[in-house]
Amino acid sequence: MQTRNTFSWIREEITRSISVSLMIYIITWASISSAYPIFAQQNYENPREATGRIVCANCHLANKPVDIEVPQTVLPDTVFEAVVKIPYDMQLKQVLANGKKGALNVGAVLILPEGFELAPPDRISPEMKEKIGNLSFQNYRPNKKNILVIGPVPGQKYSEITFPILAPDPATNKDVHFLKYPIYVGGNRGRGQIYPDGSKSNNTVYNATAGGIISKILRKEKGGYEITIVDASNERQVIDIIPRGLELLVSEGESIKLDQPLTSNPNVGGFGQGDAEIVLQDPLRVQGLLFFLGSVVLAQIFLVLKKKQFEKVQLSEMNF
């Protein structure tokens, strides 16, 4: 009987621990993942629109810089680095989903030419692995190995993200050719302002949905506000809900206009996109170029030697 009670107690403790862990995970994930690459994966078949705009800009409304560094040329079946830089002021804090202030996270999407893909672990050098750190990249879609996403990850540690890329080999992939190819990148720091369903996050400005007099501002128990606006012309009441974490710019009794900001803008992040070009070089072409350059150098040497020989002959004839 005692043994049965012991097993029952252990089972209850395990169940409680799992439940608590799941709750912590859900709360943590909800607070950091707003409008990161996973939203693009869920809602867009291709992250780059026909206009060239990367869809992350639909949720991250502020425009911020991003940069990418890749080699000018690569040889087939070789691994190279694509370094994405997402600069921002490390002292900045953002509003989290729970209304508190926290550090910024970053995310990126890298759109490679067809045939280029994430390098397998056994092809990555120790030096490159050290630059990559603990990052875990994933394909945008199982059938789109040339589109890679990462994030959210801590911005203070990964404001520069190194992607290990494997160049294709036209000898084994007939759809790939020795050409110059474009590479596109999008990078964000901080949370987005709009969710994919069109609703606002608490990381943006909230405007008045009606004009009139603010008759009441109610501070909610779990954070945030309810602002009651009364239209003086018809006494109609409108209640605007302000989520937690935002700073009000208005007060009771104040007269406001339609679309007037009720809060300050908390957003300190933003999204940017860029591009680069890379040449998939034919090794035979490189060998041919080296042979040509070698021939030119040899020709120059022979000309110099011939000139010196001619000068010696002229000098000997003059002495004779």
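Glycine is treated like the rest: Cβ placed from N, Cα and C.
It should be emphasised that the depicted structure is a prediction, and the values quoted were computed from it without experimental measurement.
Taken from Swiss-Prot, the feature signal peptide applies to 1-35, supported by sequence analysis. Under the heading heme binding site, Swiss-Prot lists Y36, C56, C59, H60. If you look up Swiss-Prot, you'll see 286-306 marked as transmembrane segment, on the strength of sequence analysis.
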Practice problem: Could you work out which of the binding-site residues (C56, C59) has its C-beta surrounded by the smallest number of other C-beta atoms within 10 A? | Solution: C59
Self-check item: Protein Cβ atoms within 10 Å of H60 (heme binding site), excluding its own
Solution: 27
Quiz item: In which DSSP state, out of helix, strand and coil, do we find C56 (heme binding site)?
Solution: helix
